[in-house]
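Straight from TrEMBL, the features:
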type	residues	note
BINDING	S65, Y134	Fe-coproporphyrin III binding site
BINDING	H197, E296	Fe(2+) binding site
Amino acid sequence: MPEIRDVPAPAAAAPYDALLLLSFGGPEGPEEVVPFLENVTRGRGIPKERLVEVGQHYFRFGGVSPINAQNRELLAALRADFAAAGLELPVYWGNRNWAPFLVDTLREMAEDGHRRIAVLATSAYAGYSGCRQYRENLADALATLAAEGRPALRVDKLRHFYNHPGFIEPMIDATLTALAELPAELREGAELAFTTHSIPTAMAESSGAPDDPARGTPGGAYVAQHLAVAELITQAVAKATGVADRPWQLVYQSRSGAPHIPWLEPDICDHLTVRQQDGAEAVVMIPIGFVSDHMEVKYDLDTEAVAKAAELGLPVARAATVGADPRFTAAVRELVLERAATERGLAPRRCALGALGASHDVCAVDCCPNPRAPRPAAAQA
Ligand SMILES: CC1=C(CCC(=O)O)c2cc3nc(cc4[nH]c(cc5[nH]c(cc1n2)c(C)c5CCC(=O)O)c(CCC(=O)O)c4C)C(CCC(=O)O)=C3C
Ligand SMILES: [Fe+2]
């Protein structure tokens with residue numbers, strides 16, 4: 001079978017001429033918090049109380065979200081990884097909700113002569129927020145550039161990377177490191193709580209492609225993919241620690257939306273309460289839903305859940321997120337080369353751990369539907 005390195009290094013990414021790192025964006029000063037939240041929530045019916053509350057989370061940290069600094073770090077790490085591997089592919093960065101805005105980055109890419117762009121969204125899983133919404137953002141930006149009379153760009157979003165070994169392995173190590181932070185006598189009995197962003201249950205159920213085997217499971221692809229990651233990490237931790245039956249659960253955090261609309265549960269704080277009542281000795285929280293230490297991790301876990309645990313007298317530790325781990329940057333390089341080879345008509349090896357297998361390259365038209373109304377989206381069949 002042809003390997004992904006079937007052409008000389010400088011041309012290995014062909015037909016792509018650039019990579020775009022596409023992320024959420026966050027404020028970097030107190031005056032930016034409210035305009036940022038207005039961008040995030042435009043037309044989405046998030047209750048005012050929730051926005052004021054979320055604004056406070058940002059103000060507590062001087063109005064600075066950690067996400068942009070983390071993306072700058074990832075951008076630098078990707079450039080260094082590509083350079084070290086002899087891959088000549090410029091890397092750019094643009095966001096959905098804050099500067100550098102996606103449309104400005106795409107305009108710059110067009111001006112620099114790029115036409116065929118691979119896109120890595122900093123969201124590992126299927127779902128409207130992490131997949132289609134980014135593709136809608138791409139469609140909006142491309143429409144703006146077309147209206148400005150600029151040459152056409154083609155954007156291809158790389159597949160979901162939740163089960164790529166370069167994403168899983170750093171999380172296994174991080175879980176073991178967090179376990180080691182607990183007092184020695186608590187390590188064997190410590191439970192694992194895998195956390196991710198809660199989303200409306202209806203959005204969870206419709207996540208993934210209709211023909212995706214993961215979509216057929218209760219909770220849809222979003223939950224099935226997170227469960228697959230939790231199982232992979234649990235198995236590896238069992239092997240490394242020799243504790244075979246360590247309790248674990250997938251739980252949720254950062255719920256918003258109106259109270260009468262069902263969202264995925266239980267919340268991490270309720271979970272800690274229940275586990276403490278059931279006699280748990282300690283809990284390790286592993287934020288598998290987040291690629292880096294976003295505000296959700298810094299506030300909802302490190303501040304809120306840690307305070308809850310202290311109130312309960314339950315020892316907790318929090319596993320680090322993947323961030324700019326060299327295994328992850330190497331995985332991104334592999335994903336670019338893999339997709340490039342596929343686009344050249346080859347059948348490259350598609351690295352993925354666990355039973356769900358490698359995710360699709362091109363989203364179906366009805367994959368991860370918009371919960372409000374259908375809108376144009378780029379990078380789909
Ligand atoms: C699945 C998912 C991810 C993970 C995938 C991905 O990474 O994309 C994610 C990431 C993020 N979410 C973030 C921030 C916010 N998300 C909000 C609102 C919402 N998120 C949702 C889902 C997700 N969100 C949903 C269903 C809503 C409700 C309304 C809506 O459909 O929009 C709101 C509004 C207030 C509130 O409701 O909390 C804020 C401020 C930040 C930046 C953090 C920082 O600054 O470090 C990041 C990385
Ligand atoms: Fe969010």
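The backbone N, Cα and C atoms fix where each Cβ goes, and this holds for glycine too.
Shown on the structure are the features that TrEMBL records.
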residue	record	contacts (Cβ under 8 Å, 6+ apart)
S65	Fe-coproporphyrin III binding site	G26, P27, E28, F36, Y58, H294, M295
Y134	Fe-coproporphyrin III binding site	L22, R96, V119, A121, S123, K157
H197	Fe(2+) binding site	S129, Y252, Q253, S254, G289, F290, E296
Neighbouring CB atoms within 10 angstroms of the CB of E296 (Fe(2+) binding site), all protein chains considered, total 21
Binding-site residues S65, Y134, H197: those with Cβ under 6 Å from an atom of ligand 1 are S65, H197
